[in-house]
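Feature annotation from TrEMBL assigns transmembrane segment to 21-40, 79-105, 117-137, 167-194, 215-234, 272-296. What TrEMBL lists as domain 'ABC transmembrane type-1' is 80-293.
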Amino acid sequence: MTATVTTPGRRRARIIGRRAVLPWLFLAPGLLLALVFKFLPMGKGVWLSFFDVRPFLGDQWVGLDNYTRVLTDHRFQDAIGHTLVLGVGMSLGGILVGSALALLLEGQARSLKIIRTAVFLPVVTATAVVGEMWRLMYYPTSDGLINSGLGLLGLGPVPYLDNPDTALWATMAMGIWMLAPYNMVIILAGLAGVDRSLYEAAAMDGVSLWQRLRHITLPAIRPALGIVLTLAAIRGLRVFTEVYVLTGGGPAGSTDVWMTRAYTLGFTRNDIGGASAASVVLLCVTLLLTVTVNYLRKRGDVR
């Protein structure tokens, strides 16, 4: 028998190899799930976007025809405008309201913790449930919560969701209500890193509240605001459930966004190729917007 001598160098290399492999073993289940339920379907969608999908008859290659048809469809063109208005409004409104909530509810008092928990409830509630609640609040008769309040002021009921002039704004209000608490939590995390001695020194120097907010608070939470802006931009482009639950894209297409048009094309008209092309376009725009926002955020941090 011969004894195997393990040198310190080999032992060190073996330990390093195990340490390098171990993280991937922990990540493997998540990566496998992402591959099966996300990346493979995404690749299949890109593949189908170049075909006229005909179940039981065989798919026919059409090249870029699906993309051309989607981009030249006036309903998709109208949906672009609605998506931009709704996305920008929800993003900016959610950031402003979330920032205000974070500034108001900052602190370690127990009562503030309870209030923050209550304010955060819309985020953990299913969007379909929230949408149904807001639909009841918008009920077009005097029985609706909002219209009953208007009735106390002597104002008539307003058909918020049945009027093309108000339906998009009513949907935006619900979106802001849902997004603001999520933004609040991220901004609160940024506020937790602000040195309190700076506020005390500013107060002793007679600095106004606005100047403290501008020169101390905002620079400190700039990274958090960058994260919030990135996430809000992505959510704004991919808005779907709020519109689908409240209006279904109506009335008369006044709230139709890109995602609802793609859904209608795929599941109502059974145009799988066109719906896949619309989804790929949205994916490309989302990636481009994400890269642009991150670039601008990093450029601002460097400055």
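Using N, Cα and C of the backbone, Cβ positions are placed for all residues, glycine too.
Within its own chain, the transmembrane segment (215-234) has Cβ neighbours under 8 Å at 87, 90-91, 94-95, 98-99, 103, 179, 182-183, 186-187, 189-191, 193-194, 198-199, 202, 207, 286, 289-290, 293-294, 297, 300-301, counting only residues six or more beyond its boundaries.
Among residues of the same chain six or more beyond the transmembrane segment (79-105), those with a C-beta under 8 A of the stretch's C-beta atoms are 112, 115-116, 119, 168-169, 171-172, 175-176, 179-184, 186-188, 191, 213, 217, 225, 228-229, 232-233, 235-237, 239, 243, 254-261. Remote same-chain residues near the transmembrane segment (167-194) are listed as 82, 85-86, 89-91, 93-95, 97-99, 101-103, 105-106, 116, 119-123, 127, 130-131, 134, 138, 160-161, 216-217, 220-221, 223-225, 227-228, 231-232, 235, 239, 242-243, 246-247, 250-251, 254-255 (criterion: CB distance under 8 Å, separation of at least six residues from the stretch ends).
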